[in-house]
Amino acid sequence: MRWFYSTNHKDIGTLYMLFGIWCGMVGTGLSLLIRLELGTSGTLTDDHFYNVIVTAHAFVMIFFMVMPIMIGGFGNWMVPLLIGAPDMSFPRMNNMSFWLLPPAFILLICSSMVEGGAGTGWTVYPPLSSSLAHSGASVDLAIFSLHLAGMSSILGAINFITTIFNMRSPGMTMERVSLFVWSILVTVFLLLLSLPVLAGAITMLLTDRNFNTSFFDPAGGGDPILYQHLFWFFGHPEVYILILPGFGMISHILGNSAMKQPFGTLGMIYAMISIGILGFIVWAHHMFTVGMDVDTRAYFTAATMIIAIPTGIKVFSWLMTIYGSKVQYTASMYWVLGFIFLFTLGGLTGIVLSNSSLDIMLHDTYYVVAHFHYVLSMGAVFAIFAGFNFWFPVMTGLILHERLAKAQFVVMFIAVNMTFFPQHFLGLAGMPRRYSDYPDSYFMWNQLSSYGSLMSVFAVLLFVLIVWEAFLSQRSLLFVDATLYSREWSDGYFPPDFHSNIYQSYITI
């Protein structure tokens, strides 16, 4: 029962990790279904069911895999350790913000089971999501699921902000705090500011569907484009919410593996804050095709390109950290290097898409799918694997099998590239997103992509095997490498005590 009412940040972080990993398996299964459908021409199921799977895949991966693992799992576990706090600021609220997630997930699963399921895409645009096109309760259940997940995130965000601002050890100033803690801080501010807008938009959609209002119905003087503006005002900060903790983890692991402080720490902090602020003023680049004014499109093109500058600062700072260092090529370092390379590639396709004139042609094609999967599937997910490999000894006191972990990286690296690189070609050839069938001219790249997807499932299974093997063989961490400069290793015994590091303070030299 202690897991149900535990208020210890380590227990709650572990719960988040387990929940996120489990949902990650569900999301991976859904993605395999998508790729099996597209692996051959002809259809396995009908178009609506295909769209239900696509929608569920997106929601599960974003709200129930990446966010719980990165912010809930690594955030809860590491932030108190890194700032020298005994626990989070509001431990019971922390417990509640986790236990809101399983009901949210159950609601999402139920939404695909009632009527025909919610086949709207993750953006839930009206009029497709209106009562006219989706008459059953499925979209309503999906909306309630999002409400619960959003409440969970907002409670967690308040908790992290108060913890980081008020519970640092004496002498632990904000300049000394790890970049991972900074990334969580920026992320939770984004969550706190953007989620209420999403909640407003989907509540308006709920009343449109059930109470005959017409916020998004032109027949009653509403405008479906209003929904798009509200949704993307949340949706764009959301993609930075997914990647910023990854940035922090990469900086943290890189600093430890290169045995020195990350290059340009202050610049890194300012870059993250800039990305956070700019993320709020570029939302309409998702809507270049809705008939906006040319001046508006020019502004959003320029603003989107400016985000590339702080992102570039981060990439070059990572490269400068590696440059001239004696890097320890551990499994977590492999993931970090893979992250830097593939995230940069995804960023380059993002620059292409930020041009409104090009985006008119590429909008809703597989080029966009390839872009955001390079950033998420090889950015966020690679960062999660890097963090898991790096912090596994802190969380369990055991060590993973190093050679197997490296082999798993190689398999995964080949698999995800094989899955998503061909999709750039499909997009340039004009294959649209969210369709379950396609002309035979697209067959070759789709088949290659589906083989890659199958291979990535094997990579995930290999990961499960590695974790299982680590618990089975019980290789304890005997001593901590003296070159690991960061706070969470300083206790010297793992996992750390129930309330560790209560009496530690920092001396200015």
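Each residue, glycine too, has its Cβ placed from N, Cα and C.
According to Swiss-Prot, the transmembrane segment annotation covers 14-34 (among others), on the basis of sequence analysis.
What Swiss-Prot records for E37, G42 is Ca(2+) binding site, and it gives similarity to another entry as the kind of evidence. Residues within less than 8 Å, Cβ to Cβ, of E37 (Ca(2+) binding site) and separated from it by at least 6 positions along the same chain comprise T43, L44, T45, Y50, I53, S436.
Among the features that Swiss-Prot reports, transmembrane segment is placed at 52-72 (among others).
DSSP classifies H57 (Fe(II)-heme a binding site) as helix under the three-state reduction. On its own chain, H57 (Fe(II)-heme a binding site) has G27, L30, S31, I34 as residues at least 6 apart in sequence with a Cβ closer than 8 Å to its own Cβ. Among the features that Swiss-Prot reports, Fe(II)-heme a binding site is placed at H57, H373.
If one looks beyond the transmembrane segment (98-118) by at least 6 residues along the same chain, the residues whose Cβ comes under 8 Å of a Cβ in the stretch are 4, 12, 15-16, 19, 23, 48-49, 52, 55-56, 59-60, 63-64, 68, 72, 124, 129, 134-142, 144-149, 151-152, 155. Summarising the annotation, Swiss-Prot assigns transmembrane segment to 98-118 (among others) and lists sequence analysis as the type of evidence.
Sequence-distant contacts of the transmembrane segment (141-161), counting only residues of its own chain at least 6 positions beyond either end whose CB sits under 8 Å from a CB of the stretch, comprise 55, 59, 63-64, 67, 71-72, 75, 79, 88-90, 93-94, 96-98, 100-101, 103-105, 107-108, 110-111, 114, 118, 120, 124, 184-185, 188-189, 191-192, 195-196, 198-199, 202-203, 205-206. For 141-161 (among others), the entry in Swiss-Prot reads transmembrane segment.
Residues 71, 74-75, 78-79, 82-83, 146-147, 150, 153-154, 156-158, 160-161, 164, 230-231, 233-235, 237-238, 240-241, 244-249, 251-252, 255, 262, 265, 268-269, 272-273, 275-276, 279-280 of the same chain lie 6+ residues outside the transmembrane segment (179-199) yet bring a C-beta within less than 8 angstroms of a C-beta in it. Annotation source Swiss-Prot lists transmembrane segment at 179-199 (among others), citing sequence analysis.
When Cβ-Cβ distances below 8 Å are used as the criterion, the transmembrane segment (230-250) is approached by residues 62, 66-67, 70-71, 74-75, 123-125, 178-184, 186-187, 190-191, 193-195, 197-198, 200-201, 204, 272, 275-276, 279-280, 282-287, 314, 318, 336, 339-340, 343, 372, 375-376, 379-380, 382-384, 386-387, 390 of the same chain, each at least six residues removed from its ends. Positions annotated as transmembrane segment by Swiss-Prot: 230-250 (among others).
Within 10 Å of the Cβ of H236 (Cu cation binding site) there are 23 other Cβ atoms, across all protein chains. Reduced to three states, the DSSP call for H236 (Cu cation binding site) is helix. Per Swiss-Prot, the feature Cu cation binding site maps to H236, H285, H286.
Annotation source Swiss-Prot lists O2 binding site at Y240, citing similarity to another entry. The Cβ of Y240 (O2 binding site) has T187, L190, I275, G276, G279 as same-chain neighbours under 8 Å, each 6 or more residues away in sequence.
As annotated by Swiss-Prot, transmembrane segment applies to 263-283 (among others), with the evidence given as sequence analysis.
For 302-322 (among others), the entry in Swiss-Prot reads transmembrane segment.
Taken from Swiss-Prot, the feature transmembrane segment covers 333-353 (among others), and the record attributes it to sequence analysis.
Taken from Swiss-Prot, the feature Mg(2+) binding site applies to H363, D364, supported by similarity to another entry. Its Cβ placed at the centre, H363 (Mg(2+) binding site) has 20 other Cβ atoms within 10 Å.
For the recorded site, H371 (heme a3 binding site), the DSSP three-state label reads helix. Cβ neighbours of H371 (heme a3 binding site) (same chain, under 8 Å, six or more residues apart in sequence): G346, T349, G350, V352, L353. The heme a3 binding site annotation in Swiss-Prot covers H371.
Taken from Swiss-Prot, the feature transmembrane segment applies to 380-400 (among others). Beyond the transmembrane segment (380-400), the same-chain residues lying 6 or more positions past its ends with a Cβ under 8 Å from any Cβ of the stretch are 10, 13-14, 17, 66, 69-70, 74, 77-78, 81, 242-243, 245-247, 249-250, 253, 256, 330-333, 335-336, 338-339, 342-343, 409, 412, 416, 463, 466-467, 470-471, 474-477, 488-489, 493-496.
Cα to Cα, D364 (Mg(2+) binding site) and G42 (Ca(2+) binding site) are separated by 21 Å.
It is 15 Å from the Cα atom of H236 (Cu cation binding site) to that of H373 (Fe(II)-heme a binding site). Each of the binding-site residues H285, H286, H373 was scored by the other Cβ atoms within 10 Å of its Cβ; the lowest score goes to H373. Across the fold, the C-alpha of H363 (Mg(2+) binding site) and the C-alpha of H286 (Cu cation binding site) stand 8 Å from each other. Here G42 (Ca(2+) binding site) comes close to D437: these same-chain residues lie at least six apart in sequence, with C-beta atoms under 8 angstroms from its C-beta. H285 (Cu cation binding site) sits 17 Å from H373 (Fe(II)-heme a binding site), taking the CA atoms of both as reference points. Separation of the C-alpha atoms of H373 (Fe(II)-heme a binding site) and H286 (Cu cation binding site): 16 Å, rounded to the nearest whole number.
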